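Let me begin by presenting the structure, written as structure tokens, before commenting on it.
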Amino acid sequence: MKIPFYKYQGTGNDFVMIDNRTQVLSKNNARVIKELCDRRFGIGGDGLILLEKPEMEGDDFKMLYFNADGNESSMCGNGGRCLVAFAKFLGIINDKAKFTAIDGPHQATISDKDEVSLQMQNVNEIKQMGNSVFLNTGSPHHIIFTRNVPALDVKTEGAAVRYSDEYLTQGGTNVNFVEPQEENVFLVRTYERGVEDETLSCGTGVTAVAIAAYATGKAKSNTVKLIVPGGELSVSFILDGSEYKDVWLTGPAQQVFKGEIVCKP
Ligand SMILES: N[C@@H](CCC[C@H](N)C(=O)O)C(=O)O
């Protein structure tokens with residue numbers, strides 16, 4: 001059997017994308033998903049995303065996200081943006097989308113320049129620990145404000161935090177290293193749980209960074225620009241009391257190639 005797949009990338013965070021409305025791919029096979037995400041033995045990707053039939057009234061589709069290790073995980077912001085572009089390509093939506101992912105409902109819009117804006121979950125809990133901050137934007141993020149971010153060994157330093165006693169019992173965390181560039185502009189490098197390496201961009205990560213920067217007084221505006229190794233993203237939000245609402249992640253999402261998965265018997 002041959003399963004059609006597409007490859008998408010959003011600021012270098014790359015995903016294998018499958019239209020699974022007819023259940024062509026089994027979700028319960030972590031080994032197969034891991035192999036498909038492998039950059040040598042498979043297609044290659046930071047994760048795999050299934051577009052499935054909607055289960056909630058008013059939704060256009062449902063999102064299922066798997067990390068490159070083959071396991072289903074929490075929300076992927078760049079993956080969600082890429083999935084919206086995929087849904088447009090498939091003719092399911094035009095320039096607006098409503099869908100449900102593991103963290104709940106999302107809305108999205110596509111601009112005439114093909115930038116995808118995705119509404120993220122509200123944030124009402126932010127933990128500050130010296131130069132570090134922890135918050136959950138659909139996925140858990142530890143943020144370290146530091147210097148000389150381009151020179152860091154993100155894989156080693158990120159793994160040390162991800163596997164620390166503090167996070168191990170909670171299922172781990174993603175780790176973001178952040179350095180201010182100009183007013184309301186931050187450089188971000190992210191170690192991703194489930195990829196267990198640095199990725200070129202992380203959507204829930206930069207969303208967490210923007211909110212953390214604002215909450216700690218490092219950003220003055222509620223629209224923040226994030227520079228990541230794979231490009232640029234922007235995040236906007238409204239602070240209502242102690243809750244961050246109307247949180248939007250915006251950036252490019254592109255189809256890179258398509259092909260067929262040849263399933264071995
Ligand atoms: N790349 C993602 C985050 C994906 C989830 C993460 N690896 C985790 O398991 O928490 C993004 O763009 O948000």
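One-based numbering along the chain as shown.
The backbone N, Cα and C atoms fix where each Cβ goes, and this holds for glycine too.
Within 10 Å of the C-beta atom of Arg193 (substrate binding site) sit 25 other C-beta atoms, taking all shown protein chains into account. TrEMBL lists Asn13, Asn67, Gly77, Asn78, Asn174, Glu192, Arg193, Gly203, Thr204 with the feature substrate binding site.
Among the features that TrEMBL reports, active site is placed at Cys76. In the three-state DSSP assignment, the secondary structure recorded for Cys76 (active site) is coil.
In sequence order, Asn13, Phe15, Gly47, Ile49, Tyr65, Gly138, Ser139, Gly203, Thr204 make up the list of same-chain residues 6 or more apart from Cys76 (active site) whose Cβ falls under 8 Å from its Cβ. For Cys76, the entry in TrEMBL reads active site, proton donor.
Here TrEMBL flags Cys202 as active site, proton acceptor. The DSSP secondary structure for Cys202 (active site, proton acceptor) is coil.
For the binding-site residues Asn13, Asn174, the ranking by surrounding Cβ atoms (within 10 Å, all protein chains) places Asn13 first. Neighbour density for Cys202 (active site, proton acceptor): within 10 A of its CB lie 36 other CB atoms from the protein chains shown.
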